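Trainee: Next up is a structure, given as structure tokens.
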Amino acid sequence: MQFVTGGAYNGKKKWVSQAFSDQLQKEHLWFSCYKQDIKKLPAKVEDDSKFVVIEGVEQGLRSFLKQQTEADAFIENYLTPWLDWEQQEEERELILIGSDISKGIVPTEREMRNWRDETGRLYQKLTNEATFIHFIWFGISSTYEGGNKDEIVYKNR
Amino acid sequence: MAYSERAKLIFVCGGVRSGKNAVGETLAADMRKEKGRLVYIATAQRTDTEMEKRIIKHQNDRERKQEGWVTLERQRNLSECVKHLNKQDTVFLDCLTTWLSNEMFTENVEHQMHHVFDQIIKTIDYLRDASSHVIIISNDVFHEPVPQERLTKHYIKTLGALHQYVVSQANAAISMEHGLPIIKKGEVVSERAHRMGDVL
């Protein structure tokens, strides 16, 4: 799994479209949590897709938290099946895209605070789980190895 | 005008008090052409005494350095600045964040909102055609939940699109982190600006 993050409107989706254009030309699943409720996320691909993108994981988590308070269940219900799917075949690749919402003023509403906290915790887990993490800054990526290895693998591109 | 005659574009973006102005101004002074001036385009409105003090502090800081800064105060329609520029000038634009809000949040302009993006990128080109270097300063406001209020959301979305555009066109793009300039694109030739991370 590769985790793509960065601020809102920084061009994360566009970057993924360009960086993985070969994979996206073939059969794939692109699920946007901005367009559909996370509940609609399929549990598997019906066709021979080897490439799955889940965009807006923070939004998916937010709508999930409106019904459930246990954030770990979000990973279990929605992400673990896809992480397992990826493991089953060498060529399979899972991309998760999430906006960084961690650096503003502490929100006054409890729901917003909780969502922000849980998104932070989720991203730490994703970063730990990912083979690569890509930080997107207005279209420019900085790529690091996941698993908390503090090492620059690629230069900015 | 041929593309090659366009001013070099440098983008400096960071949070509040990240040292973006200090690094940007140092770059401007180092890149300044022999016959050119340092032209500071100030977009802030003098809305209250705190803002007034802030503007005066910035002006005094620049004057103290005795590098010969010229200040143009212009809140919107920055293409008007072009007539005051010479091709040798280095332009320092402070800042894109305020400029966009001035253009977007004036009375009776809501119908023009879709044109603001186009108008701003066109104006940046005009400024580049009329000078030797353009340094654009902006704020990073993208790392928190996007406000759902319609105008604010539209503002942040437009600012993000502008940042992406400016970075794509820029010869150099710098992310400021707590006084440390992180070069995201291109090369920054100013030794002084590189060292500022240690100095500030």
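The first residue you see is number 1, and the count goes up from there.
Just so you know, glycine gets a Cβ as well, placed from its N, Cα and C.
Features from TrEMBL:
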type	residues	note
ACT_SITE	B:His58	active site, GMP-histidine intermediate
BINDING	B:Ala42, B:Thr43, B:Ala44, B:Glu73, B:Asp94	GTP binding site
Trainee: Where does B:His58 (active site, GMP-histidine intermediate) sit in DSSP terms: helix, strand, or coil?
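Mentor: In the DSSP reduction, B:His58 (active site, GMP-histidine intermediate) maps to helix.
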Trainee: Take the C-alpha atoms of B:Ala42 (GTP binding site) and B:His58 (active site, GMP-histidine intermediate) and report the distance between them in angstrom, rounded.
Mentor: 10
Trainee: How many other Cβ atoms sit within 10 Å of the Cβ of B:Glu73 (GTP binding site)?
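Mentor: 13, counting other Cβ atoms within 10 Å of B:Glu73 (GTP binding site).
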Trainee: At the level of the C-alpha atoms, what whole-angstrom distance separates B:Ala44 (GTP binding site) and the residue listed as 'active site, GMP-histidine intermediate'?
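Mentor: Rounded to a whole number, the Cα-Cα distance is 11 Å.
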Trainee: Using the Cβ centroid of B:Ala42, B:Thr43, B:Ala44, B:Glu73, B:Asp94 as the reference point for the GTP site, which residues of the same chain not in that list have Cβ within 8 Å?
Mentor: B:Tyr40, B:Ile41, B:Ile55, B:Arg74, B:Gln75, B:Cys95, B:Thr98
Trainee: To the nearest whole angstrom, state the Cα distance for the pair B:Asp94 (GTP binding site) and the residue listed as 'active site, GMP-histidine intermediate'.
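Mentor: On Cα coordinates alone, these residues lie 11 Å apart.
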Trainee: Taking B:Ala42, B:Thr43, B:Ala44, B:Glu73, B:Asp94 as the record's GTP-binding set, what's the max Cα pairwise distance in Å, rounded to a whole number?
Mentor: 10
Trainee: What Cα-Cα separation, expressed in whole Å, is found between B:Thr43 (GTP binding site) and B:His58 (active site, GMP-histidine intermediate)?
Mentor: 13
Trainee: Cβ-Cβ under 8 Å from B:His58 (active site, GMP-histidine intermediate), same chain, 6 or more residues apart: which ones?
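Mentor: Within the chain, B:His58 (active site, GMP-histidine intermediate) has Cβ neighbours under 8 Å at B:Asn21, B:Ala42, B:Asp94.
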